[in-house]
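Notes follow the structure.
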Amino acid sequence: MAVELSITSDPGGLYNGKMTWFVVLSCMMAAMGGVIFGYDIGISGGVTSMEPFLEKFFPKVYRRMKEDTEISNYCKFDSQLLTSFTSSMYVAGLLASFFASSITRKFGRKPSILIGGAAFLAGAALGGSAFNVYMLILGRVLLGVGVGFANQAVPLYLSEMAPPRYRGAINNGFQFSIGIGALSANLINFGTEKIKGGWGWRISLAMAAVPATILAIGAIFLPETPSSLIQLSDDTERAKLMLQRVRGTEDVQAELDDLIKASSISKTVEHPFKNIMKRKYRPQLVMAIAIPFFQQVTGINVIAFYAPILFRTIGLGESASLMSSVVTGIVGTGSTFISMLLVDKLGRRALFICGGVQMFFSQIMVGGIMAAQLGDHGGIGEGYSYVVLILICIYVAGFSWSWGPLGWLVPSEIFPLEIRSAGQSIVVAVSFLFTFIVAQTFLAMLCHFKSGIFFFFGGWVVVMTAFVYYLLPETKNTPIEKMDRVWREIGFWNKFVGEMDEQTKTEAA
């Protein structure tokens, strides 16, 4: 039996169980999928601000930055080829997530995690040894395949392994891992930028192989989730033994019965992507599209991808820009840890709304300072540069305890088993689609919108905060197989929930 951490039952008295070391260690290994994602986000933003990297692969951008005194501060880095380096990964991830859905459903969560680690490892090797831009972008595509598989499977794995009482904290560990990966990348960039000879960027790109290797090897030893074991076979005894080990108690019959019931329903569904379009799943489908869309239009990837470039735009040097990214990475990681502690106490809605208010005001203030102080030429004063850095840290903190972790947590816990894999694929695909759009267009938007870019994203933060307030029910402490009942809390969804209840009664009869 697994070693217990605490003796705490599910609050509703529905299921017995404890937080066990078996669950903690399994989820820590699976969450390495977040580290590879975060590492890539941090690395791509850092190396694109390194002068040797720009000179080798993007010479037009390098010459414009060094020699063109007429071009606007906001337009120095505007290059479709440069943004293709960053965004190509997300096109590959988008396509890979749909293949990952079939593998996750038919073969389990574990194989998808293994494929994700292996593909990311191959992409890291190719990127670190690249000698032309095409080889560089091909490496990015392989990284995208790895992230597509990992992001599809890992949040599901974490939600299915976690006891309901601690599901929020454990699933937020995915975003915490993304933060750890991004912070590690920022620290490595800061160090490799100082290497004489101009080859430090190769170390930055190749070091992605470290978390990828850990994930690929660790996935071999990961246990499959009880939900997946029941879905893959009729051997309920094996699933029961795994559930007893996961929960740290012999008395798991109530939860096992719900898993078997959910699995029997899921096995009647031959085409989950077609099934999720049914009216009775409309609340889940709306959230599967809206939450990842809103997560991307917070503007966070402006900071994640292009923070060093942004800090150079306002007048900081190459090394200072990379160091500023380290600071924002520390703030983001620390804030996500705070979210892990609070999410199952305060709930998802409270963190969403508080984080939204914090992001809005910090974005408006950054936009105001840049509008007043940064023209097309020259920089802004050193004092204002550090005020902007502080405000961006406040913004990153707001995102990191709200839309960052909750954008992965809430979608992973709201889907019934019969559409869970398809639903998570839609979440990942929408996330990658809009990540690609933001990454591909941001430098051009910065050139044309200038400081208005922050007001643009601030407006979206207002919309998404209102969306959560009026349409998102609270999901904390609700067992994942009982999640359908939370939609009754929101008046707008009652007509859909009512239809679902009628259909359930008909099937039972």
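Yeah, the Cβs are placed from backbone N, Cα and C, and that goes for glycine too.
Residues or ranges marked as domain 'Major facilitator superfamily (MFS) profile' by TrEMBL: 26-476.
For 21-39 (among others), the entry in TrEMBL reads transmembrane segment. Nonlocal intrachain contacts for the transmembrane segment (21-39), taken as residues 6+ away from its ends with a CB within less than 8 angstroms of a stretch CB, comprise 2-5, 113, 116-117, 120, 146-147, 150-151, 153-154, 157-158, 161-163, 170, 173-185, 207-208, 211-212, 214-215, 218-219, 221-223, 245-246, 248.
Annotation comment: TrEMBL describes 81-100 (among others) as transmembrane segment. A Cβ distance under 8 Å defines the sequence-distant neighbours of the transmembrane segment (81-100), meaning residues of its chain 6+ beyond its ends; these are 40, 44-45, 48, 54, 57-58, 61, 112, 115-116, 119, 133, 136-137, 140-145, 147-149, 151-153, 305, 425, 428-429, 432-433, 435-436, 439-444.
Within the chain, the transmembrane segment (112-131) has long-range Cβ neighbours (under 8 A, six or more residues past its boundaries) at 30, 32-33, 36, 40, 57, 96, 100, 103-104, 138-154, 157, 202-203, 205-209, 211-220, 222. If you look up TrEMBL, you'll see 112-131 (among others) marked as transmembrane segment.
Sequence-distant contacts of the transmembrane segment (137-158), counting only residues of its own chain at least 6 positions beyond either end whose CB sits under 8 Å from a CB of the stretch, comprise 27, 30-31, 33-34, 36-37, 40, 44, 84-86, 88-97, 99-101, 103-104, 109-110, 112-113, 115-128, 130, 167, 170-171, 173-174, 205, 208, 212, 215, 222, 225, 408-409, 411-412, 420-421, 424-425, 428, 431-432. Annotated transmembrane segment per TrEMBL: 137-158 (among others), in sequence order.
Annotation source TrEMBL lists transmembrane segment at 170-188 (among others). Counting residues 6+ beyond its ends, the transmembrane segment (170-188) has Cβ neighbours under 8 Å at 23, 27-28, 31-43, 46, 154-155, 158-159, 161-162, 203-204, 207, 211, 304, 322, 325-326, 328-330, 332-333, 336-337, 339-340, 343, 400, 404-409, 412-413 in the same chain.
According to TrEMBL, the transmembrane segment annotation covers 200-222 (among others).
The transmembrane segment annotation in TrEMBL covers 285-309 (among others).
Residues 42, 45-46, 49, 168-169, 172-173, 175-176, 178-180, 182-183, 185-187, 189-190, 193, 303, 307-309, 311-312, 351, 389, 392-393, 396-402, 404-406, 409, 476 of the same chain, all 6+ positions outside the transmembrane segment (321-343), place their C-beta atoms under 8 angstroms from a C-beta of that stretch. According to TrEMBL, the feature transmembrane segment maps to 321-343 (among others).
The transmembrane segment annotation in TrEMBL covers 350-372 (among others). Under 8 Å from some Cβ of the transmembrane segment (350-372) lie the Cβ atoms of residues 298-299, 314, 339, 342-343, 380, 384, 387-388, 391-392, 394-395, 397-399, 401-403, 406, 450-455, 457-458, 461-462, 464-465, 468-469, 472, all in the same chain and six or more residues away from its ends.
Sequence annotations record features per position, and here TrEMBL assigns transmembrane segment to 384-404 (among others). Away from its own ends, the transmembrane segment (384-404) comes close to residues 175, 178-179, 294-295, 298, 300, 303, 307, 311, 314-316, 324, 327-328, 331-336, 338-339, 342, 351-359, 362-363, 365-366, 369-370, 373, 464 of its chain (Cβ-Cβ under 8 Å, at least six residues beyond either end).
Look at TrEMBL and you will find 425-446 (among others) tagged as transmembrane segment.
Look at TrEMBL and you will find 452-472 (among others) tagged as transmembrane segment. Remote same-chain residues near the transmembrane segment (452-472) are listed as 286-287, 290, 294, 297-299, 302, 348-349, 352-353, 356-357, 359-360, 363-364, 366-367, 370-371, 403, 410, 442, 445-446, 490, 492-493 (criterion: CB distance under 8 Å, separation of at least six residues from the stretch ends).
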Report the mean pLDDT of the predicted model across the domain 'Major facilitator superfamily (MFS) profile' (26-476), rounded to a whole number. 85
